[in-house]
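Trainee: Below you'll find the structure I mean.
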């Protein structure tokens with residue numbers, strides 16, 4: 001019998017519902033249960049694929065090509081269970097399906113309403129594709145009281161009534177703000193949040209209280225009294241220095257055991273060895289290595305969430321603290337680049353879209369190459385590395401990408417360039433995914449290359465999100481100038497990896513390795529990149 005756990009939030013957004021859901025799922029997994037995590041987002045976009053990173057943060061790509069919320073990255077990193085298109089839904093996707101069904105006449109002339117038609121689609125999403133799982137954890141985006149979230153709260157309220165307590169549990173995450181002048185945590189916002197949740201028919205079974213310091217027993221008892229919850233089910237969520245400390249903190253407070261007790265399930269011992277190993281490695285990470293990220297959205301770190309985490313994972317692997325140096329690519333010039341990158345041990349250019357800030361990134365590639373600083377280019381980062389090499393090593397001074405320029409030598413071209421049915425005027429928000437290469441694809445690596453040696457195998461599968469590729473017409477001239485093409489798609493039409501073997505570590509990949517990195521299984525390319533940065537640090 002599958003059991004459903006709904007995680008909601010109140011008081012403020014960005015409290016850590018995703019981390020709480022991921023941590024609990026991992027803890028249940030450690031007790032031998034099979035878990036599934038899902039995110040329900042109340043915004044009207046069909047998916048986050050075309051949303052501005054300033055608005056949404058990173059778009060997390062799954063194996064099956066779904067463009068999803070960044071919280072699914074947390075889910076995968078904590079549990080190791082691959083997410084899929086069935087694990088994320090938005091209000092936009094709900095209404096898109098609803099209107100399609102209505103136009104097809106599938107509602108047989110009924111008045112289509114939020115209740116029951118919208119809520120039924122949400123319920124169907126939650127209850128479908130659950131075979132083989134012991135627990136399905138659903139995170140509801142936003143906070144209680146948000147008008148756009150009401151259909152989702154109504155849907156889970158109905159599920160709670162239909163399944164009863166034997167199959168359904170509600171966890172509510174709130175904030176206990178600390179008022180310095182009063183020198184105490186304030187419980188009133190939590191009381192009001194629970195009250196708001198109850199007005200829509202949901203009574204939380206477990207209350208998780210986020211705070212910046214330890215919560216006193218008297219404060220827990222006060223919260224329990226006014227929120228009508230047993231003190232045993234009021235769980236502290238104290239700020240941690242590292243997100244990978246969160247699961248064991250919840251375990252210490254007994255969150256996993258309280259959930260099993262609620263469902264009247266046997267409380268088995270937890271197998272948490274690999275998480276204890278992570279904690280020990282973090283404690284032993286005294287030395288530092290500095291990695292510069294040449295970013296377009298340097299002020300919004302969530303736009304590069306998986307890259308940040310993948311670097312952290314490599315640091316955990318090597319028992320090194322990875323200090324990130326954020327560089328605004330728009331402000332990089334020939335005159336200031338040496339000052340901006342002074343003292344860094346590695347340079348990373350992440351993926352992205354749009355022309356803005358690309359020339360600054362190209363300058364950073366040049367600085368890494370000419371100073372033999374370890375370099376890692378991902379997706380657009382690889383393409384810009386190819387342009388830098390073309391301009392300054394191969395001699396093609398007018399090298400450009402077709403994505404931004406119509407004039408010049410097009411080192412980077414559109415994947416669909418040779419598709420007979422392709423028409424540039426057809427690229428709209430509605431059909432833009434038709435030109436995008438999304439999801440996992442097999443890559444064949446070249447033996448005795450940096451990339452192949454990192455993986456330890458010649459056939460790999462990695463996730464992609466791009467519509468442009470290296471122009472294979474220039475492969476020969478690049479090779480004559482020392483470039484090694486170390487990875488190709490199965491049909492050999494798409495270059496998947498390039499490298500400069502004579503340098504300490506210079507690798508560009510078309511795919512997104514960061515999406516597959518985990519704290520207990522760091523991605524091999526990030527392991528080798530950070531390893532090269534450590535070596536550079538020791539020698540300079």
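Glycine too: its Cβ is placed from the backbone N, Cα and C atoms.
Checked Swiss-Prot, it gives:
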type	residues	note
REGION	1-265	region 'Amidoligase domain'
BINDING	13, 186, 187, 188, 189, 190, 191, 222	UTP binding site
BINDING	13, 146, 147, 148, 186, 187, 188, 189, 190, 191, 222	CTP binding site
BINDING	14, 15, 16, 17, 18, 19, 71	ATP binding site
BINDING	71, 139	Mg(2+) binding site
DOMAIN	290-539	domain 'Glutamine amidotransferase type-1'
BINDING	352, 380, 381, 382, 383, 403, 467	L-glutamine binding site
ACT_SITE	379	active site, nucleophile
ACT_SITE	512	active site
ACT_SITE	514	active site
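Neighbours and distances for these, please.
Mentor: Around the Cβ of residue 191 (UTP binding site), 16 further Cβ atoms fall within 10 Å across all displayed protein chains.
In the structure as shown, the Cβ atom of residue 188 (UTP binding site) sits within 10 Å of 11 other Cβ atoms.
The secondary structure of residue 17 (ATP binding site), as reduced to three states from DSSP, is helical.
Proximity of residue 139 (Mg(2+) binding site) to non-local residues of its own chain (separation of 6 or more, Cβ distance below 8 Å) is seen for 7, 17, 18, 21, 37, 38, 39, 40, 71, given in sequence order.
Under the DSSP three-state reduction, residue 380 (L-glutamine binding site) is assigned to helix. Summarising the environment of residue 380 (L-glutamine binding site), the number of other Cβ atoms within 10 Å of its Cβ, over all protein chains shown, is 24.
Over all protein chains present, the Cβ of residue 379 (active site, nucleophile) has 23 other Cβ atoms lying within 10 Å.
In the three-state DSSP scheme, residue 512 (active site) falls into the coil class.
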Trainee: Looking only at 19, 147, the binding-site residues on record, which one has the least crowded Cβ, with the fewest other Cβ atoms within 10 Å?
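Mentor: Taking 19, 147 as the binding-site residues, the minimal 10 Å Cβ count falls on 147.
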Trainee: What is the interatomic distance between the Cα atoms of residue 380 (L-glutamine binding site) and residue 187 (UTP binding site), given in whole Å?
Mentor: 47
Trainee: Need this for a regression test: recorded positions 15, 187, 190, 379, 383, 467, filtered to those with Cα within 10 Å of residue 512 (active site). What's left?
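Mentor: So far as Cα distances go, the recorded positions lying within 10 Å of residue 512 (active site) are 379.
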Trainee: Spatially, which candidate from the recorded positions 15, 19, 186, 187, 514 is nearest to residue 381 (L-glutamine binding site), comparing Cα atoms?
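Mentor: Closest by Cα: 514.
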Trainee: Compute the centroid of the Cβ atoms of 14, 15, 16, 17, 18, 19, 71, then list the same-chain residues not in that set whose Cβ lies within 8 Å of it, in sequence order, for the ATP site.
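Mentor: Going along the sequence, the neighbours appear as 9, 20, 21, 74, 139, 173.
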Trainee: Expressed to the nearest Å, what is the distance separating residue 14 (ATP binding site) and residue 222 (UTP binding site) at their Cα atoms?
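Mentor: Cα-Cα distance, residue 14 (ATP binding site) to residue 222 (UTP binding site): 25 Å.
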Trainee: I'd like the Cβ neighbour count for residue 17 (ATP binding site), meaning other Cβ atoms within 10 Å of its Cβ, all protein chains included.
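Mentor: Excluding its own Cβ, the number within 10 Å is 25.
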Trainee: Count, for each of the binding-site residues 15, 382, the other C-beta atoms lying within 10 angstroms of its own C-beta, and report the residue with the smallest count.
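Mentor: Looking at the binding-site residues 15, 382, the Cβ with the fewest others within 10 Å is that of 15.
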